[in-house]
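Here the structure is laid out as structure tokens; the discussion comes afterwards.
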Amino acid sequence: MKFTKTALFTVLAATAFAAQAGQYPDLPEGIKAGAGALIGDTVYVGLGGTGTTKFYSLNLKDPKEWKEIAEFPGGKRNQPVAAGVNGKLYVFGGFQDTDVAKNQIINDAYEYNPADNTWTKLSTRSPRSTSVGASVAADGGKIYFVGGVNHEIWNGLFQDVKAAGGDKEKEKAIFDPYFNLRAQDFFFSPEIISYEPANNVWRNEGYFPYSGRAGAAVAIKDGKLLVVNGEVKAGLRSPGTALGTIGKDGVTWKKLGDLPAPTGYDKQDGIAGGMGGYTNGHYIVTGGANFPGALANYEKGIMDAHRTGGLKKTYHKAVYALDGKTGNWKIVGELPATIGYGLAVSYNNKVLLIGGETDGGKPLSAVQTMSYDGKKLTVE
């Protein structure tokens, strides 16, 4: 069945080395933890944590203004994922409040066709935990999903909270065991899954050997799938990065260097919700959020320091660049303000940062670009 009404997406950036006036207009509204993708010269973005069901588009060749496209028919969605394949936009999952309980993961898929401005609900669903927390990238007609939270554990948690009926002691008895689980006991998906829209087929592309992730930054270039950081349990991130080679029998992996500690910190706690992309042959990533000190506490056996240890959710602005030869990272600059959980797309040797959020979860509507030539970082 088809639906008509209106779609699109954003993020922010800038650096200490070069900052110029932005060349793209702000979004009509702030969008954080939404979904979007680049299709040809047009970027699409929408949904997310502000509760909007709208999507917007911007023609990057003639970027005068964002246009509202057909409204998403699947209702409000926080943290859905999306990708563009063969001229169409695909949106998967997310979580929403339902009659069953709040924050329920929705396992479904929609296709948007720009040619006639319509949405179609697809007759398919993810075979694993790729509906919330997964990261996606498209290549060769396939959409690759990396990680994702465990569907049963997540939904069950909020169903149990609803059953507690507002009793704070009962809620504490639900949340305490959950947050004290080890990372591996959250059962984030370690599988790499692909979806091929042309055939409506899901495939198992192998396993990510460095623990399941949620909210990692991912990118594909020349048959290589890059994974940067991500959450490994509630409140805990990984500083690790890895590069996978896509083959006919799935993806094989090579461990890369950890992200270095940002200025002012002794240790890199990893980031979730980072935004990155390729520019002039270089991959750069920025933003994201973590709980500084969580990793050190976890290594001491303190599982929920982000909740009980006084740690603060912290958004970041360091910009990291990958050395493709050594597999190591370095900091090449900073944005003028912190950001996370926005859309990043690569276009004309620049990385567009669209929307997102900053300190306190404030949604952002700005669109900025980053470019890096191996020596200088420029933010517009």
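Cβ atoms are placed via backbone N, Cα and C, with glycine included.
Swiss-Prot lists 1-21 with the feature signal peptide.
When pLDDT values are averaged over the repeat 'Kelch 1' (42-86), the model yields 98. The repeat 'Kelch 1' annotation in Swiss-Prot covers 42-86.
Annotation source Swiss-Prot lists repeat 'Kelch 2' at 88-140.
Long-range contacts of the repeat 'Kelch 3' (142-176) within the same chain: residues 81, 83, 85, 90, 92, 95, 100-105, 107, 126, 128-136, 186-190, 192-197, 203, 205, 208, 212-216, 218, 220, 225, 227, 230, 246, 251, 304, each at least 6 residues beyond the stretch ends and with a Cβ under 8 Å from a Cβ of the stretch. For 142-176, the entry in Swiss-Prot reads repeat 'Kelch 3'.
Positions annotated as repeat 'Kelch 4' by Swiss-Prot: 177-222.
Among the features that Swiss-Prot reports, repeat 'Kelch 5' is placed at 225-274.
Cβ neighbours within 10 Å of Glu231 (active site, proton acceptor), excluding its own Cβ and spanning all shown chains: 27. As annotated by Swiss-Prot, active site, proton acceptor applies to Glu231.
Residues or ranges marked as repeat 'Kelch 6' by Swiss-Prot: 296-349.
The feature repeat 'Kelch 7' is assigned by Swiss-Prot to 351-380.
Three or more CB pairs closer than 8 A are found between the repeat 'Kelch 6' (296-349) and the repeat 'Kelch 4' (177-222), so contact between the two stretches is assigned (pairs 6 or more residues apart).
Highlighted: of the candidate stretches 177-222, 225-274, 351-380, 351-380 has the greatest count of Cβ pairs under 8 Å to the repeat 'Kelch 1' (42-86).
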